[in-house]
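Asker: Mind having a look at this structure? Questions to follow.
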């Protein structure tokens with residue numbers, strides 16, 4: 001970006017780096033989320049069009065070849081598959097997703113890579129300074145997510161991407177990404193109960209918000225939905241003359257013996273949706289001659305490569321802890337999945353239960369980030385099952401937190417039951433407060449580990465878990481608490497038979513590391529779930 005465009009940024013404080021300065025400015029835009037209808041002054045959807053004028057983005061967005069995706073579960077995965085496919089077809093891609101796990105720049109990807117810091121800062125200050133200059137009491141500065149969406153449109157326009165894949169942040173109808181008037185194609189992933197305090201209390205109301213991304217006569221795709229949700233989607237589609245198609249999961253045979261880049265059976269549904277979005281985008285943008293789309297019994301080579309090489313942090317991700325000094329590797333392994341609804345919790349529990357049985361601690365083949373997708377499925381499976389004996393001393397641990405708007409009475413029973421159905425019983429559940437705080441982004445967005453932290457929510461989670469364990473098969477199977485978990489609980493502030501509350505996440509991880517160091521016969525397999533924020537915090541600590 002040239003100096004003429006802006007890009008030099010606002011004055012920087014000597015005590016902060018340029019990037020930290022930008023994070024401070026971004027943090028100033030964070031507010032508690034509310035309904036984005038006309039009842040909230042300053043949060044009205046119509047303000048977005050004022051911002052587009054201020055940033056001169058109206059024409060660039062009108063010319064952008066957008067794929068727009070909403071849904072409750074699988075949005076990020078579907079968008080990731082879609083981007084990977086079209087990038088492997090030779091197109092310059094822009095991908096906007098949320099939330100980020102470690103760094104805000106994860107939300108803005110160009111050709112599959114997060115935007116570099118230099119470009120991010122240039123575009124950030126270009127947008128921020130213009131909005132600061134032109135907004136006033138009647139048109140206030142945009143809120144956090146709205147600013148990020150506007151920034152994404154600016155980045156993708158300036159970088160001249162061939163396709164912009166935009167993941168809805170929340171809902172659909174009033175989401176900041178919905179300023180796109182004429183996307184090439186729309187997709188709606190699996191729907192369920194989430195963000196009900198904003199989107200509504202029934203699946204019908206939630207589906208109505210998601211269907212708000214439908215545009216007149218623009219083709220749309222979805223996956224099988226509960227009847228109540230599907231009825232609303234079909235009704236909204238009919239009103240706008242939208243050709244809506246319901247898709248089935250991808251047939252694994254079409255991958256020619258390879259594995260999807262994202263783990264879990266549910267990903268075949270997301271992959272099927274991504275394929276339809278890509279086929280339609282190619283046809284509607286005049287690229288049908290570039291890729292062989294005619295054969296229905298095979299997938300183009302570029303599609304297979306895109307599906308099998310896709311990667312996404314924090315979803316069905318396996319990360320061995322590298323901090324433990326030992327001759328034997330993988331004594332502490334984190335299984336991370338940001339599930340936070342009852343439906344996704346069941347999927348997560350199923351994945352974890354299978355993954356800990358298949359995970360071979362002496363091989364790296366199963367580690368999704370080392371691209372096992374290039375290996376034939378049979379080779380991977382035989383390698384997985386080669387050393388089952390090493391699982392004898394494995395100890396499943398739960399590391400959990402969720403937002404206070406979630407219902408642990410729905411999440412935790414689903415998790416426990418599904419794991420128990422697969423013969424997996426947690427020896428201990430650890431509950432921790434969030435490390436990051438809602439009103440800060442960047443390096444300063446962490447709470448200090450002091451005794452003033454409010455742990456009332458974590459105590460509530462612990463009560464729910466202990467009550468579930470009483471009388472459950474899971475509880476009876478762990479009545480004899482492992483010796484390595486009995487001792488040295490001083491780090492926790494509340495230790496019960498089956499669970500403990502820790503003052504901070506770093507203390508919980510330190511406790512796990514200490515246990516493994518002191519008990520060479522044990523291998524901890526830690527499921528981290530309930531919140532993408534928690535997953536991001538763990539990744540931030542474990543990967544340092």
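Placed from the backbone N, Cα and C atoms, the Cβ positions cover glycine too.
Model, not experiment: these values are computed from the prediction.
Pasting the feature list from TrEMBL:
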- 69-236: domain 'Mur ligase central' (DOMAIN)
- 98, 167, 195: Mg(2+) binding site (BINDING)
- 315, 337: ATP binding site (BINDING)
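Map the listed features onto the structure and describe their local environment.
Answerer: In sequence order, 76, 107, 145, 148, 167, 169 constitute the residues six or more apart from residue 98 (Mg(2+) binding site) in its chain with CB-CB distances below 8 Å.
Remark: residue 315 (ATP binding site) has 76, 77, 262, 263, 264, 336, 337, 338 as non-local neighbours, by Cβ distance under 8 Å and separation of at least 6 in sequence.
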Asker: Between 0 and 100, where does the mean pLDDT of the domain 'Mur ligase central' (69-236) sit?
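Answerer: Result for the domain 'Mur ligase central' (69-236): average pLDDT 94.
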